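Marked as region 'Disordered' by TrEMBL: 1-46, 132-159, 252-276. TrEMBL lists 49-138, 168-258, 280-334 with the feature domain 'Fibronectin type-III'. Residues or ranges marked as compositional bias 'Basic and acidic residues' by TrEMBL: 145-159, 254-266.
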Amino acid sequence: TGISTPIIFPLSTTDAAQPEELTLPSEEPQDEKRQTESPAPETFPPRAVLGELRVSSVTPNSVQLQWSVPEGSFDSFMLQYRDAQGQPQVLPIDGGSHSVTVPGLSPSRRYRFHLYGLRGRKKIDHVSTETVTAAAQPEKLPLPSEEHQQEKPETKLHPSEGPLVRAVLEELKASSVTPNSVQLQWSVPEGSFDSFMLQYRDAQSLPQALPIDGRAHSVTVPGLSPSHRYRFHLYGLRGGKRIDRVSTDIVTGKAEEMPHQEKPETESPATTETFPPRAVLGELRVSSVTPNSVQLQWSVPEGSFDSFMLQYRDAQGQPQALPIDGGSHSVTVP
């Protein structure tokens with residue numbers, strides 16, 4: 001009994017002194033597991049357990065991670081890793097999520113990811129994985145003429161199972177354009193896809209690939225350059241195979257364009273005739289802060305909105321605008 005006391009207190013002191021620093025991988029599982037097992041019976045009657053953290057998709061610039069919660073539940077998750085410069089990065093994740101896409105990575109580089117399950121501000125469980133991002137140019141973006149010849153025949157992969165098996169992508173269009181981002185929308189009038197893959201070339205003509213969940217019908221592409229023409233290719237995938245494809249060309253807004261006209265547009269039509277049910281935004285509050293990101297939350301106590309627009313200025317004083325889906329009540333600004 002006299003020996004156990006000095007073992008427990010130094011561990012708690014270390015965690016409190018450096019709550020945000022990445023520790024060595026060999027140390028983390030030991031620290032976290034003890035926290036999980038010790039207070040579980042009294043502090044957290046329903047145990048919460050994280051399943052395996054695995055890589056579901058890898059591109060030169062991003063990694064998609066997935067995990068399960070076989071027992072209990074968590075209030076939120078926290079993903080930690082080090083970037084190409086060795087700087088610690090922290091990504092807060094909603095407690096209802098079981099997957100996340102980590103953008104802004106470097107090609108052909110090994111990354112080690114640590115996922116923590118949190119209750120309140122306490123780390124309850126921990127899982128890790130490591131992966132290597134793809135090479136900078138694993139494949140060239142095919143020409144549109146070649147693409148249709150290759151993709152369209154694969155739409156009829158299983159004719160014996162009838163037309164229900166067919167999956168069709170319809171028009172890809174921009175629902176919102178800012179100097180630094182584009183929000184794209186599409187529809188699936190027939191069948192369904194396991195996932196989507198958005199491909200485009202950045203301002204430096206380097207290929208970019210963004211994996212998207214198969215249930216999504218819209219995506220926001222951040223980190224674009226003002227007044228630049230982009231060509232986006234959206235692929236519908238089944239079992240890793242490209243089944244259908246749609247494309248669109250979009251020019252981002254000018255750098256000085258900050259949509260000042262948003263307020264007048266909102267106020268002028270907001271009459272009893274145009275919007276019979278009033279729409280009211282509740283308090284905008286910060287739910288999580290890291291050195292590199294902020295998670296914001298808000299409520300809509302009355303009515304509803306078609307979409308939201310978040311505006312802010314970056315560290316260089318440049319205006320940034322992030323379009324958000326109308327069904328969302330939170331956003332992480334990376």
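Just so you know, the numbers here start at 1 and follow the chain as drawn.
Note: Cβ is positioned from N, Cα and C throughout, glycine not excepted.
Caution: TrEMBL annotation is automatic and unverified by curators.
Taken through DSSP, the domain 'Fibronectin type-III' (168-258) splits into 0 helix, 50 strand, 41 coil. Here the domain 'Fibronectin type-III' (49-138) has, by DSSP, the following mix of helix, strand and coil residues: 0 helix, 50 strand, 40 coil. Residue counts for the domain 'Fibronectin type-III' (280-334) under DSSP, split into helix (H, G, I), strand (E, B) and coil, are 0 helix, 29 strand, 26 coil. Along the domain 'Fibronectin type-III' (49-138), the predicted structure has mean pLDDT 89.
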